[in-house]
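S.K.: Handing you a structure now.
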Amino acid sequence: MARSLNEWLWQHEFWLPPGITWQDMQESEDIRYPQPRDLLLSIPFALILVVIRCAFERAIALPLSSKLGVRDKQRPKAQPNPTLETFYSTRCKNPDESELIRLAKQCDLPLRKVERWFRRRRNSDRPSLSKKFCEACWRFTFYITAFLTGLAVLYDKPWLWDHRECWTGYPQQPLQPSLFWYYLLELSFYWSLVFTLPFDVKRKDFKEQIVHHAATIFLISFSYCANYIRIGTLVMVIHDASDCFLEPTKIFNYMKWKKTCDSLFMIFSAVFLISRLVIFPYTVLYNTYYYSMEIFQPFFGYYFMNALLIILQLLHVFWSCLIIHMVCKFLLQGTV
């Protein structure tokens with residue numbers, strides 16, 4: 001049954017332009033095409049990145065946070081109380097008033113002391129500034145590395161300058177080693193983020209982060225398997241451009257360098273809005289929707305890829321609205 005499903009899923013009519021079959025995509029000694037099995041390498045490479053990250057945060061980021069004056073707040077600890085601890089761990093971390101009254105009677109404590117206990121217990125679970133600083137340092141190091149790698153890989157590629165070249169010869173576009181390693185770097189990083197989610201700082205958008213990482217892994221994997229690698233490289237380098245400014249903004253925020261933080265936030269906002277609302281629609285959306293039709297007729301993979309990119313652009317619009325709101329607040333109130 002699994003074999004039949006796999007054969008049905010990978011019908012050439014779904015993923016290849018009319019007139020092209022999987023037989024036309026056979027590798028030879030001189031020509032190599034993307035193969036789904038290649039993506040399995042991203043798992044061990046992701047584990048290597050996790051090890052590198054742990055070493056980086058311990059040996060570089062943490063000492064750097066101390067030298068730059070990032071200080072963790074000294075919070076009073078909650079007194080040991082098995083009953084309240086059990087309720088906190090298994091039931092609720094922020095009980096309502098009726099539950100607080102019941103717990104106060106059960107522990108024979110004043111209501112204010114029970115409220116204070118839960119407040120201190122919640123504060124003790126809050127991540128320290130140094131941990132946030134280390135995470136931001138690691139992500140900044142990766143994003144700047146990935147962005148520069150993308151530029152180094154693409155600067156001599158014709159499709160970076162002439163977007164019609166993304167479709168010349170498609171889908172029979174040989175896989176170059178530099179493109180393979182660039183893809184592997186990006187995919188491995190997002191797998192490493194999935195592996196470390198239980199240990200990373202849990203922010204308010206934790207669920208959204210899971211969805212984001214899963215969607216990113218799926219998009220990168222799909223574009224590789226269907227040989228949309230030229231478009232995929234453009235998408236990745238465009239996204240990494242703004243992320244290079246987001247993480248240092250967080251770093252300077254943790255350092256309490258307000259003016260530097262605010263300046264970087266404005267730069268990040270400008271780069272994000274230009275790259276996601278101007279460059280991405282023209283370089284990617286218009287490219288995949290219009291230029292590709294000069295080479296082949298529409299097929300299922302064409303519609304599927306465009307649908308995914310449009311969904312991504314809708315997310316860009318959503319995030320851009322939030323950023324514009326923050327920029328307006330900054331200009332009116334002088335703070336973010």
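Quick reminder: no glycine exception, Cβ is built from N, Cα and C everywhere.
Pasting the feature list from TrEMBL:
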DNA_BIND  86-129  DNA-binding region
DOMAIN    84-128  domain 'Homeobox'
DOMAIN    131-332  domain 'TLC'
TRANSMEM  136-155  transmembrane segment
TRANSMEM  180-199  transmembrane segment
TRANSMEM  264-284  transmembrane segment
TRANSMEM  304-332  transmembrane segment
S.K.: If you average the pLDDT over the domain 'Homeobox' (84-128), what number do you get?
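M.R.: Overall, the domain 'Homeobox' (84-128) comes to a mean pLDDT of 78.
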S.K.: Given a Cβ distance threshold of under 8 angstroms, which distant residues of the chain, six or more beyond its ends, lie next to the transmembrane segment (304-332)?
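M.R.: For the transmembrane segment (304-332), the far contacts come to 219, 222-223, 226, 228, 231, 235, 262, 265-266, 269, 272-273, 276-277, 280-281, 284-285, 288-289.
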S.K.: What parts of the chain pack near the transmembrane segment (136-155), using Cβ distances under 8 Å and only residues at least 6 beyond its ends?
M.R.: 53, 56-57, 60-61, 64-65, 178-179, 182, 185-186, 189, 233-234, 236-237, 240-241, 243-244, 247-248, 250-251, 254
S.K.: Within the domain 'Homeobox' (84-128), how many residues are helix, strand or coil going by DSSP?
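M.R.: Across the domain 'Homeobox' (84-128), the residues distribute as 33 helix, 0 strand, 12 coil.
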